[in-house]
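**Q** Attaching a single structure in structure tokens format; questions to follow.
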Amino acid sequence: MEQQLHDPVFPIDKGYLKRKKIYNNIAFLFATAAFIIGAFPVFHIIYKAIAIGYKYLNWNFISTLPTGFPIGAEGGILNAIIGDVYLVVIASIFAIPIGVGAGLYLSLFGKKRTNFFLRLLNELMIGIPSIVWGIVGFYIFSTNAGFGFHFGFSALAGGFTLGFIMTPIIVLLTEQAINQIPASYIEGALALGATKFQATKSVILKAALGGIFIGILLGVMNIIGQTAPLLFTNYYNTGLPTGVTGSGGAVGDMAMLIFIYIHEPSRILHYKAEAASVVLLMFIFLLDIGLRLINYLVKKFIL
């Protein structure tokens with residue numbers, strides 16, 4: 001006579017297993033539905049933009065300046081592409097050192113009470129509307145009032161203003177990336193005789209670099225579609241800049257180009273606005289790949 005094996009402490013409940021499977025299936029269906037609901041509008045917008053503006057998506061569109069009447073009816077969007085590069089580079093030069101440095105300070109060096117107020121200030125900065133940053137940037141960088149830098153409507157004024165928007169995002173994600181590193185990493189480095197600076201450079205930054213680059217990437221993605229700050233600090237230039245400040249320092253940018261074209265009565269400009277939105281998405285995609293490649297190269301050959 002065979003004896004049936006069973007666990008007297010944890011008896012098998014087939015009904016429980018069946019209910020668990022049903023709950024898992026329901027959760028999977030809800031997650032799938034949420035993904036479809038969120039992704040469908042995005043893919044629909046991209047599809048419609050390509051379907052409307054596809055005939056302008058060619059080399060001439062991205063390699064020539066806007067011409068014709070109204071301006072932009074002929075030619076391309078080279079001014080906006082170069083302008084976006086100007087603005088992203090200037091904003092990054094301003095925001096990355098400050099953001100990463102502040103994140104390091106909050107994670108490793110700051111005192112508890114000081115950190116509380118700095119984190120509160122950083123969270124408030126993240127929540128400030130972009131149009132308010134535009135007004136702040138106007139008075140600090142663009143205006144000819146008795147204070148400020150008097151850059152005029154220029155790439156430098158617009159880039160620094162966008163840097164204000166980008167900085168708190170980098171601070172937040174840098175701090176979070178460093179806080180996820182096990183304390184044993186830095187304790188081990190210090191126990192082996194490394195100074196805190198050496199441990200920060202060789203251990204902490206290397207371990208947190210992926211998270212820091214995500215912060216930089218999100219910061220760039222946040223500023224690249226901004227229009228309100230640039231209305232107050234840079235506005236728009238249909239040609240190429242001859243400098244970064246003063247009357248020749250204004251640049252075009254993709255977001256402002258789309259905003260201006262879509263409000264014009266010309267149907268041609270509406271089509272070009274749709275095509276420009278596709279180019280902007282491609283620009284963001286290539287920027288994402290570029291930053292991830294830089295992240296890989298820095299971790300492999302520098303840190």
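Using the three backbone atoms N, Cα and C, a Cβ is placed for every residue, glycine included.
The annotation transmembrane segment is assigned in TrEMBL to 26-47, 85-108, 120-141, 147-173, 203-224, 244-263, 275-298. The feature domain 'ABC transmembrane type-1' is assigned by TrEMBL to 81-291.
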**Q** The transmembrane segment (85-108): which same-chain residues, six or more beyond its ends, come within Cβ distance under 8 Å?
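**A** Same-chain residues near the transmembrane segment (85-108) but 6 or more away: 115, 118-119, 122, 155-156, 158-160, 162-175, 177-179, 196, 200, 204, 212, 215-216, 219-220, 223-224, 230, 234, 241, 244, 251, 253, 287.
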**Q** Which residues of the same chain, at least 6 past either end of the transmembrane segment (244-263), have a Cβ under 8 Å from a Cβ in it?
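**A** Distant Cβ neighbours of the transmembrane segment (244-263) are 72, 77, 79-84, 86-87, 90, 151-158, 224-227, 230-231, 234-238, 269-270, 272-273, 276-277, 279-280, 283.
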